[in-house]
Amino acid sequence: MLRIGQGLDVHAFTEGSFVTLGGIQIAHTQGILAHSDGDVLLHALCDALLGALALGDIGQHFPDTDERFAGVDSKILLKNVYELIKKNGYQLLNADMTVICEAPKIAPHNAAMRECIADVLGVEINQISIKATTNEKMGYLGRGEGIFASAVVLLQAV
Ligand SMILES: [Zn+2]
């Protein structure tokens, strides 16, 4: 039994000196505007995992009106989501993710992010793929106003 899921997320940049992406902090000339740590990659991944089993979305499970989730480390959200997936009798086969932004540069941090996500989920690093591209200077992403991530996952019944 296989299930596929897709997740998308976007956050705006704001004043700051780093962004949290793929569970790690990356130095940048701006920060991320968010109720949590604003990790678009982990949020997209959470939504893809939930979506694969039709379990709703991250906003339903962790409402941004709930003070418990203010500034929360998204690795904790991801861990909780994957626990729910396993409780429902499924495991991750692979996740393929894409980040779109003009800056910061993602490539130098790719391996560290994959390793971090694999570690949180307890899977092999070769099950986690992260790709990055720019928006060719077009639109809000191209103007550097924010950062976007998409994730697709395939789950297998245990
Ligand atoms: Zn988000």
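Yeah, the Cβs are placed from backbone N, Cα and C, and that goes for glycine too.
Some features that TrEMBL has for this protein:
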- 2-155: domain '2-C-methyl-D-erythritol 2,4-cyclodiphosphate synthase' (DOMAIN)
- 9-11, 35-36, 57-59, 62-66, 133-136, Arg143: 4-CDP-2-C-methyl-D-erythritol 2-phosphate binding site (BINDING)
- Asp9, His11, His43: divalent metal cation binding site (BINDING)
- His35: site 'Transition state stabilizer' (SITE)
- Thr134: site 'Transition state stabilizer' (SITE)
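Overlay of TrEMBL feature records on the structure.
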{"residue": "Asp9", "record": "4-CDP-2-C-methyl-D-erythritol 2-phosphate binding site", "DSSP (3 states)": "strand"}
{"residue": "His35", "record": "4-CDP-2-C-methyl-D-erythritol 2-phosphate binding site", "DSSP (3 states)": "coil"}
{"residue": "His43", "record": "divalent metal cation binding site", "DSSP (3 states)": "helix"}
{"residue": "Ile58", "record": "4-CDP-2-C-methyl-D-erythritol 2-phosphate binding site", "DSSP (3 states)": "helix"}
{"residue": "Pro63", "record": "4-CDP-2-C-methyl-D-erythritol 2-phosphate binding site", "DSSP (3 states)": "coil"}
{"residue": "Thr134", "record": "site 'Transition state stabilizer'", "DSSP (3 states)": "coil"}
- Task: Filter the recorded positions His43, Ile58, Pro63, Asp66, Thr134 down to those with CB closer than 6 A to an atom of ligand 1; keep them in sequence order.
- Result: His43
- Distance from His43 (divalent metal cation binding site) back to Ile58 (4-CDP-2-C-methyl-D-erythritol 2-phosphate binding site), taken between C-alpha atoms, in Å: 7
- Message: Looking at the binding-site residues listed here (His35, His43, Pro63), whose Cα lies nearest to that of Thr134 (site 'Transition state stabilizer')?
- Response: His43
- By a simple count of other Cβ atoms within 10 Å, which of His35, His43, the binding-site residues in the record, is least packed? His35
- Message: I need the CA-to-CA distance for His35 (4-CDP-2-C-methyl-D-erythritol 2-phosphate binding site) versus His43 (divalent metal cation binding site), whole Å please.
- Response: 12
- Item | Residue pair His43 (divalent metal cation binding site), Asp9 (4-CDP-2-C-methyl-D-erythritol 2-phosphate binding site) - Cα distance, angstrom, rounded | 6
- Which residues, in sequence order, are found in the same chain with Cβ within 8 Å of the centroid defined by the Cβ atoms of Asp9, His11, His43 at the divalent metal cation site, excluding those residues themselves? Val10, Ala34, Gly38, Asp39, Val40, Leu41, Leu42, Ala44, Ile147, Ala149
- Task: Take the Cβ of Pro63 (4-CDP-2-C-methyl-D-erythritol 2-phosphate binding site) and count every other Cβ within 10 Å, whichever protein chain it belongs to.
- Result: 11
- Item | Rounded Cα separation (Å) that holds between Pro63 (4-CDP-2-C-methyl-D-erythritol 2-phosphate binding site) and His11 (divalent metal cation binding site) | 16
- Query: Which residues, sitting 6 or more apart from His11 (divalent metal cation binding site) on the same chain, put a CB under 8 Å from its CB?
  - Reply: Ile32, Leu33, Ala34, Gly38, Val40, Gly146, Ile147
- Message: Please compute the mean pLDDT of the model over the domain '2-C-methyl-D-erythritol 2,4-cyclodiphosphate synthase' (2-155).
- Response: 96
